[in-house]
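A short worksheet on the structure shown next.
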């Protein structure tokens, strides 16, 4: 444990929250470095952190800077992450190398879960999880997020899986791995930009307090792995399923034609979707993350009250 702590650096706010047993919610950093252009990425990150504070919890955005796993970012850290041109996108396989080489790294869903667990943080808010890519039966392109969800004990609040993915196969994978996927006020898996996907959920709850009960019970039963809380984008910000699917299909063809795959595929596709929707998808992305941040903070606060 002493060896681990030499690699971890807490922001002043997070350090104080840990000392005072306050509820903490982790945030990923790939959305800042690879998911949105500057300065929207900084504005979004600071707004989301404030939403978490407004709902009674402390935000902890996670990134790797100068050989340290930063749990909570100071403003100068955020600027480095948002403006650097060579930020590595870090998943489980890359974590040791990026820390050892003292590079700047942005954490994916998988790595944010790992680092949150190292720091004792049980809740993590993101836009959408990764999953099984379309055509994975030929390419085997499956996000490491799914494997991480099967073994790391962090509850992830998201707007479902990213809509560029094969959602039925993603759900099959999570079911095989024993990962609970719980809809928040919905019986259908949300698909990031849209509230509906056509994929039905077996579990749905209506309140943050009920999610807190499930989180704590799972923990007390020593069941390995995370929980996915699927929180649909608010009605007023959702895009239509037919509209976004047509645009995604165009973007997928462009990626294939340009030979873009692996970890580069998601940023390319999301960038193309922003371009083809004239920025509507970027606005929707920001709103769904804000919505997830409010719910994540409420769940963390509800769990803290039960302890």
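Cβ coordinates are placed from backbone N, Cα and C, and glycine is handled just like the others.
Summarising the annotation, Swiss-Prot assigns active site, proton donor to 28 and lists sequence analysis as the type of evidence. A coil conformation is recorded for residue 28 (active site, proton donor) in the three-state DSSP classification, outside any helix or strand.
DSSP gives residue 89 (substrate binding site) a strand state. Residue 89 (substrate binding site) is surrounded by 19 other CB atoms, counting those within 10 A of its CB over all protein chains shown. The annotation substrate binding site is assigned in Swiss-Prot to 89, 109, 143, 144, 145 on the grounds of sequence analysis.
In the three-state DSSP classification, residue 141 (Mn(2+) binding site) falls within coil. Sequence annotations record features per position, and here Swiss-Prot assigns Mn(2+) binding site to 141.
Sequence annotations record features per position, and here Swiss-Prot assigns active site, nucleophile to 162. Secondary structure at residue 162 (active site, nucleophile), taken from DSSP and collapsed to helix, strand or coil, is coil. Cβ environment of residue 162 (active site, nucleophile): 127, 128, 129, 130, 131, 192, 266, 270 lie under 8 Å away, each six or more residues apart in the same chain.
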Sequence-ordered, the binding-site residues among 109, 141, 143 whose CA is within 10 A of the CA of residue 28 (active site, proton donor) come to 109
Around the Cβ of residue 143 (substrate binding site), how many other Cβ atoms lie within 10 Å? Please give the count over every shown protein chain. 26
Compute the mean position of the Cβ atoms of 89, 109, 143, 144, 145, which form the recorded substrate site, and then list in sequence order the other residues of that chain whose Cβ is within 8 Å of it. 91, 108, 110, 111, 129, 130, 148
